[in-house]
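Asks: One structure is given below, represented as structure tokens, and several questions about it will come after.
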Amino acid sequence: VLSPADKANIKATWDKIGGHAGEYGGEALERTFASFPTTKTYFPHFDLSPGSAQVKAHGKKVADALTLAVGHLDDLPGALSALSDLHAYKLRVDPVNFKLLSHCLLVTLACHHPAEFTPAVHASLDKFFTSVSTVLTSKYR
């Protein structure tokens, strides 16, 4: 459960990210593919080379979904229901991959905003990404 302090940290961080969310999403996705090569199996039709337009575009989709979630911290299941359906029923993404991408998102944000990435912000973002991952995998059961 996200506390009021977590929600404030998440919103403040997302405000600082601003227009870079899509860029960071693409970078985090590239980092995920490089660090965890098995995640590439879900994208056989993509050019997965560094700087690929397809990876950047999908990274922007990830960032857009997270931006939507930031705007609905009190109702993540409602906000992400369609995305949960897509990943569970159509794409059938292994739930562990959300954890791997979440880790790479944290690393990417820490690299770009080291001064703002305090232990409290790190913990809040980790809880947020875990909450989003939980919602996205909730329909697997």
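Placement of Cβ uses the backbone N, Cα and C atoms for every residue, glycine included.
Grabbed the feature section from Swiss-Prot, which reads as follows:
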type	residues	note
DOMAIN	1-141	domain 'Globin'
MOD_RES	SER3	phosphoserine
MOD_RES	LYS7	N6-succinyllysine
MOD_RES	LYS11	N6-succinyllysine
MOD_RES	LYS16	N6-succinyllysine
MOD_RES	LYS16	N6-acetyllysine
MOD_RES	TYR24	phosphotyrosine
MOD_RES	SER35	phosphoserine
MOD_RES	LYS40	N6-succinyllysine
BINDING	HIS58	O2 binding site
BINDING	HIS87	heme b binding site
MOD_RES	THR108	phosphothreonine
MOD_RES	SER124	phosphoserine
MOD_RES	THR137	phosphothreonine
MOD_RES	SER138	phosphoserine
Asks: State which of the following recorded positions has the fewest other Cβ atoms within 10 Å around its Cβ: LYS7, LYS40, HIS58.
Replies: LYS40
Asks: What's the CA-CA gap between LYS11 (N6-succinyllysine) and SER3 (phosphoserine) in angstrom, rounded?
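Replies: That comes out at 12 Å between the alpha carbons.
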Asks: Kindly state the mean pLDDT of the domain 'Globin' (1-141) in the predicted structure.
Replies: 94
Asks: Which secondary structure state does DSSP assign to THR137 (phosphothreonine), in the simple three-class scheme?
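Replies: Reduced to three states, the DSSP call for THR137 (phosphothreonine) is helix.
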Asks: Listed recorded positions are LYS7, LYS40, HIS58, THR108, SER124; which of them have CA atoms within 10 A of the CA of TYR24 (phosphotyrosine)?
Replies: THR108
Asks: Can you check which residue among the recorded positions LYS11, LYS16, HIS87 has the largest number of Cβ atoms within 10 Å of its own?
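Replies: Output for this query is HIS87.
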Asks: Please report the three-state DSSP label of LYS16 (N6-succinyllysine).
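Replies: DSSP call for LYS16 (N6-succinyllysine): helix.
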Asks: Output, ordered by sequence, the same-chain residues six or more apart from SER35 (phosphoserine) with a CB under 8 Å from its CB, or 'none'.
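Replies: Residues satisfying the criterion: LEU100, CYS104.
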Asks: Would you mind reading off the Cα separation of THR108 (phosphothreonine) from LYS7 (N6-succinyllysine), to the nearest angstrom?
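Replies: Given the Cα positions, THR108 (phosphothreonine) is 20 Å from LYS7 (N6-succinyllysine).
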